[in-house]
Amino acid sequence: RTCQSQSHKFKGACFSDTNCASVCRTENFPRGQCNQHHVERKCYCERDC
């Protein structure tokens, strides 16, 4: 199962999964990707749980 948490450090709209994943790694998550959240794209960090 995968758990997602919105990144606390990522600022602004998320257009690059690579940038999102890099920020997530600084938050101790192994990966991250952009997901649509209402009208904005946000960076969500993922880990196995």
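Start at 1 and count along the chain as shown; that gives each residue its number.
Cβ atoms are placed via backbone N, Cα and C, with glycine included.
Not measured: the values here are computed from a predicted model.
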* To do: In Swiss-Prot, Cys24 sits in a disulfide bond; tell me which of Cys3, Cys43, Cys45 is on the other end.
  => Cys45
* Using the record from Swiss-Prot, pick out the residue from Cys43, Cys49 that is joined to Cys3 by a disulfide. => Cys49
* Asked: Do any residues at least six apart in sequence from Cys45 (disulfide bond), in the same chain, have a Cβ closer than 8 Å to its Cβ, and if so which, in order?
  -> Gln4, Ser5, Gln6, Ser7, Cys20, Val23, Cys24, Glu27, Phe29, Arg31, Gly32
* Asked: Which Cβ among the disulfide-bonded residues (Cys3, Cys20, Cys24, Cys34, Cys49) has the fewest C-beta neighbours inside 10 Å?
  -> Cys49
* To do: Could you check which of these disulfide-bonded residues, Cys3, Cys43, Cys49, sit within 10 Å of Cys34 (disulfide bond), going Cα to Cα?
  => Cys43
* Structure fact -> CB contacts under 8 angstroms to Cys14 (disulfide bond), restricted to the same chain and 6+ apart in sequence, sorted by sequence, are Cys20, Cys34, Asn35, Arg41, Lys42, Cys43
